[in-house]
Structures are given as C-alpha cells and as structure tokens.
C-alpha cells in the first residue's frame, strides 16, 4: 500500500504541461534588473543590454534531483524583512472589473502580476504562465540566493496560513523548485478565494535572473496544486471561462498591459478576433500553426502544434524548422544551428499564420538588441523544447491581443490597440463588446468547420507540414520532478519509466 500511495503521489507531482522555460540568451545581461535593496519598485526605460556568456542555462540540466528538502519554518527577523530587489515597470491600474495590470522588468523579458496572499495581504509578483499547472511562491525558509533577492510568503505573513504537510517538486528546464504545499487566500483582479499552492524551500540559481517571486499557473491542467483558473472561475462567477492578455512593450511608454478574466476588453484591440481550436483535449493551450514567413516567402514549417506560452520569453522550435525560417532572411547565419545572427538593420516582420490569418511580429521584437560585439541575434531559437512542436512566447504575444477561451476550447488573436488605449469602465460595456467581437470574427476566419456555439470559423492548418503532418511526432512536454534533455521536458514513455523505477525502489 505504501508503494502504491507513493506512485500516486509521484504521478500527481509530474504535471503534464509545457511551462516557464528559464532561457537566458547571450545578449541579455547577467544580473537582470537588480535594483534598490529596500525593494522599491519603479518604472524603467527599455534597456539595450550587453552580452552575457555562455548561454549554458538553456542546455544545462542536472543529472538527477534528489527528494525535496524539508522546509524550515524560520522566523529570523532579517528574513522576514526581505523584499523583491528588482526593477519593475509597473502597469497602470486597470479600471475594468476582473482585470489586473501586467508588470514587467523593463526589457520585455518577463511578465507578471501583483497578487496578495493571506490575511495580511502580503504582495508578491507572480509570473503569468499559460504553460504551467502548478503555482508557487518563495518561502521564508529558503536560504538559496534567489530567495534572498525576492519577496517571500510564510506563516508569519498570515493568520490563516495552513501547512498541508504535502511536498512538491517542479522542474522548469534547467531551473527547479521544491518545498511544501500550503493553503491560504489569494487575491487578484478583484477576486479573492482560498487556494492551495507551493511554498518553495529550495530554488535553483536560474531564478536569480528573474524578477518574479513565484509562478502563477494558468494552464487548464492540474499541477501539484489547485488549478488557479478553475478556482477563480468558481469563486468569481466569471461571465465566461476565459482570460485575455495584452502585453506592453517597454519602449511603448507607460505600461498598459493587462490580464482580464471572464470577457474581452474591446478597447485593447482593433478589428476582429480570429480563433483557432485547441490542438488537443488534454488541457494544454496549444493550437495548430499554418506556417511562418518572411518577406512574402513561406518557410513551410507549419501543420504542427504550437504551444502559446506567456511564461516563455522567446520562440523555440526544432533546429531544422528554425533553419528553414532563417534561410529566408538575407544575411542570416549560425554557427551552431541554435542561435542565429541577423543584420541589425533588418526592418521586416516575421509572419505567423493561424487559421488562415497572418500575424506580424515586429522586427523590434524578433531581433534582439546589439550584443557587446555589435551583433544582433534572432529571438527565434533552434531548441526543441517541445518535441515535434513550436513553443511560442512573449516575442509573438507582444504583437497581439490574446484570448484563452476554455469554454469554446480555442485561442483567439486580434490586433493590439495602440499604447495607452483607454480602459472600459463598466461590466455592461465589456459584455456588449464581447458579443460584438465574437460575432464579427466570423468574417476573418473562413474554413470548412463552424463552431455550433458561436458561428466562428475554425479553419485548420493549410501550409507545409514538417515531420509528416499535423501533430505527427508531437510529444506533449512535461513539467516534471526529475527530467533530462534540453529544456527538461520528458514524454509519456519516459514518465512511465520513471514511475515504474520508483515503484520498484519502494518494493
């Protein structure tokens, strides 16, 4: 019985999601945005950051993680006074209900929200991660370097804190955390409810480079803890089970980025929303991608799944697909098939096609700032983080208004409105806008299948199909307790082997 229980526990800890990928490219500075030691947050201008080497954070993986360390419940005064020591470009406070501003680090590298935890409403920054099922924050018992530079949450911060006596372990690429599952209230976007989440007692050094204090999992799958989106839906009685994301580019001025739950904000986009049905029914935010293109030339890298991940800064794909795309870009070159140098004066956008609709990614987003050698690199990298699929992060998402619709099992994109677009003020206005947008989007996506619920067209992929067609060879990435390989994602077969080996060890 003990072995069986252990197998169940291990299986629950290995949550099947593609999650935050702690990749730090060579052009990004080593100590990202470290600021005032007193934890003051302030707006910062977009930085032209110098080179950092090597890029080993993307390829280095620990061979094996041991079991979770015990989390020490310390009450040291110095630890209690610790606060986040990073520069933060805070978002303008949205006027819409069920809406929260999305903060960032000032370099378009990470996007996160301010949540309040516990009876004393302790404020922490949590990364918005549509690829993760698990949610966690750094705990006061953590003595690792990353925790010393971040705000933490523990029993001293709330009278309603509850230790469940359960442990959790999560691996994100080469970064990992482990600790205890706790229960307390969480408040975001005018909603507040009890929530089970992780309190990290151990974090890897990769988290030193990131300004957020934890991760807020927004996938539809259940990770180590409660599913945040499901719990919020129950507590707030959302109009629809959806959330919408508008990311702000730091160079565009005041930060008007936001996440809105339950309905769209019509003032955040122009034109119509074009929807694409989810590629599978397993709870992942992934959709089929038709193709990518540059200067009117198609790369023939579509017909496969694309994971849409707010928790990933850049864009990743199998090396041969990424090479096909860069061969369309004059002057592009690579020495390793992973990172591509491109002419710094390139101004043309990359084009991503979903359901027959083209979406441009501005050159200011897909081309990184100059490194210390005066060279520019592409933010599309040849790393197969998700086997047989693309992993599409903020480089793309900064250019669109994104709708993650659980009810209709689809993801929608629309053209972002200009910087500083006005905020809607009432729920009634937002509800009307939602109806207008959904109906209008019918005209933008023509195809053979129609949604019975909304009439929105759901055309599938129509371009080239590397690897033998839609989803051919696609293996869903994993958020895992112990994994290997680039990015730390393992397939179902490897997961089964891990569970089997663990069971044998327990007998």
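In case you wondered, yes, glycine gets a Cβ from its N, Cα and C as well.
Automatic prediction, not curation, is the source of TrEMBL annotations.
Quick look at what TrEMBL annotates:
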- 111-414: domain 'Peptidase A1' (DOMAIN)
- 129: active site (ACT_SITE)
- 142-147: disulfide bond (DISULFID)
- 309: active site (ACT_SITE)
- 344-376: disulfide bond (DISULFID)
- 424-446: compositional bias 'Low complexity' (COMPBIAS)
Problem - Candidates 129, 142, 147, 344, 376, namely the recorded positions, that fall within 10 Å of residue 309 (active site) by Cα distance - result: 129
Practice task
Measuring Cα to Cα, tell me the gap between residue 344 (disulfide bond) and residue 129 (active site) in whole angstrom.
Solution key: 30
Completion exercise
As a whole number of Å, the Cα atom of residue 142 (disulfide bond) is distant from the Cα atom of residue 376 (disulfide bond) by 38
Problem - Distance from residue 376 (disulfide bond) back to residue 147 (disulfide bond), taken between C-alpha atoms, in Å - result: 33
Completion exercise
With neighbours defined as other CB atoms within 10 A, the best-packed of the disulfide-bonded residues 142, 147, 376 is 142
Handout entry: Cβ-Cβ neighbours of residue 309 (active site) (radius 10 Å)
Key = 34
Practice task
Would you identify the secondary structure of residue 147 (disulfide bond) according to DSSP, in three states?
Solution key: helix
Problem - Spatial separation of residue 376 (disulfide bond) from residue 129 (active site) - C-alpha basis, Å - result: 28
